[in-house]
Amino acid sequence: MAVYDYDLFVIGGGSGGVRAARMAAALGKRVGIAEEYRYGGTCVIRGCVPKKLYVYASQFPEHFADAAGYGWTVPQASFDWQTLVANKDREISRLEAIYRKNVQGVGGETFQSRAMLVDPHVVHLLGNDRTVTADQILIATGGRPAPHPALPGHEHCIFSNEALDLKELPKAIMIEGGGYIAVEFANIFHGLGVDTTLVYRGKEILSRFDMDLRRMLHETMEKKGIKILCHAVSEWVRKRPDGRLDAVVTGDKILTVDQVMLAIGRLPNTENMGLEGVGIEMTKTGAINVDQYSRTNIDNIWAIGDVTNRVQLTPVAIHEAMCFVETAFKGNPTAPDHDTIATAVFSQPEIGTVGLSEDEAIKRFSDVEIYRATFRPMRHTLSGRDEKMLIKLVVDGTSKRVLGVHILGPDAGEMAQLLGIPLKAGLTKDDFDRTMAVHPTAAEELVTMYKPTYRVKDGERV
Ligand SMILES: Cc1cc2nc3c(=O)[nH]c(=O)nc-3n(C[C@H](O)[C@H](O)[C@H](O)COP(=O)(O)OP(=O)(O)OC[C@H]3O[C@@H](n4cnc5c(N)ncnc54)[C@H](O)[C@@H]3O)c2cc1C
């Protein structure tokens, strides 16, 4: 039997790669992992974590304004972007060190290097000019923002990576895209006082979410002062003599801004890694094709996380890593379960959602009950803020199983996490009805909507 340097070599030290390396090393396997940039990957360094810290930062002006109704006089507040960036940097450096230590602490070997495949058992570490061999190889190289080379002036644009580390907070920004990253950054910049325009080619932002949430978030964002242009794309971006940018969007509308941020999708990191040479099958967009156990077409090479373009979320990459370790090292073939994933959009107000949207449910079920409540959350009674909350249940009228829950409002992300459990367990509307409310909360609406707002039978609203 061939003797390799490692039982497992992982390429990519992000959410999925680090978890797989740590779990396998903890089993006593000889594990090596290479990261070309910073341990922690997209989520820790330039995704979920810094973004959420910026969401918190951007919410303070509303808290200050809302405090007046509760009797507080808040002196004129001021904001320092450089302090926020520096504090964020300190926190992600702390997390980065923990990620690296977690692998080393269980005996894994970490490399600071870009890695390439040379053959199915050989990895070249470019940074160390070293070649290592491994029995099993896991590719967890994640993704990056999709560029827009066809856009004249694209070289003046930034992506989410740069937006987190701008030297100066812009006075005005145009963000192109309608996905959760575009929407979250639009809310962050607006909250920090930046004149913000969101430009999206589709008919409504957040295309994969329930239509009620999408419309109501759109309206609320506009009411706050965020400009949203749907059915529009940028046509060119030009640098002005004063250093600002003119962005021309559909209809010859010129937006003069300090930054243009493109958030038009993400591409898997599979280029220049020797994958073609080894014969790994990929999709047209460059994502690695895997079977239900995350195995590529080459027997000892596996891929997890964003690079496989299944569901691009941190907990999914981590779950796929754990399933991979079960399958490859514990003799317990385990396919990742991608069904009914609870998720949040950290917009303002927040979205929390799990399960089927109304439109998806109608396509799959002949009798769908919709329970829907819109109301002003209690905290906005004294604050006077004119902002509504939406809670919506989508229920199979025949079995009474709750198929989807969609929430727009404060703490919706936290609620979605808890709702993931009853939906995953397949609980019914009767189970929700039997549950005592917690009063006074916004979430009590989830268990106190006894009569459907409307039904959809065979596609017809009745
Ligand atoms: C702005 C933003 C906000 C997000 N917010 C959320 C959120 O709120 N919630 C959520 O669940 N998800 C969020 N995500 C998505 C989440 O970050 C990803 O789904 C997750 O990080 C995927 O993990 P991964 O292990 O597949 O890849 P990554 O975390 O991207 O890790 C891949 C690593 O591989 C390294 N690498 C690439 N090529 C090589 C190579 N050849 N050699 C060595 N190293 C290499 C990269 O440097 C990177 O560190 C967000 C993403 C972005 C961009």
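From the backbone N, Cα and C atoms, a Cβ is placed for every residue, glycine too.
Looking up CYS48 in TrEMBL gives a disulphide bond whose other cysteine, out of CYS43, CYS157, is CYS43.
NAD(+) is bound by GLY177, GLY178, GLY179, TYR180, ILE181, ALA182, VAL183, GLU184 in TrEMBL, and the record lists one more residue there from GLY265, GLY274, GLY277, GLY279, which is GLY265. Under 6 Å, Cβ to nearest atom of ligand 1: this is the test, and of the recorded positions CYS43, GLY177, GLY179, ILE181, GLY265, HIS439 it is passed by CYS43, ILE181. Taking a C-beta cut-off of under 8 angstroms and a sequence separation of 6 or more, CYS48 (disulfide bond) has the following same-chain neighbours: THR42, THR314. Reported as a whole number, the C-alpha separation between ASP306 (FAD binding site) and CYS43 (disulfide bond) equals 11 Å.
Annotation for ILE181 (NAD(+) binding site): spatial neighbours SER160, ALA263, criterion Cβ-Cβ under 8 Å with sequence separation of six or more. Among the binding-site residues GLY177, GLY179, GLY265, the residue whose Cβ has the fewest other Cβ atoms within 10 Å is GLY265. Annotated NAD(+) site GLY177, GLY178, GLY179, TYR180, ILE181, ALA182, VAL183, GLU184, GLY265; additional same-chain residues within 8 Å of its Cβ mean position, judged by their own Cβ, are PHE185, ILE205, LEU206, ALA263. The two recorded residues, CYS43 (disulfide bond) and LYS52 (FAD binding site), have Cα atoms 10 Å apart.
Cβ crowding, taken as the number of other Cβ atoms within 10 Å, peaks at VAL183 among the recorded positions CYS43, VAL183.
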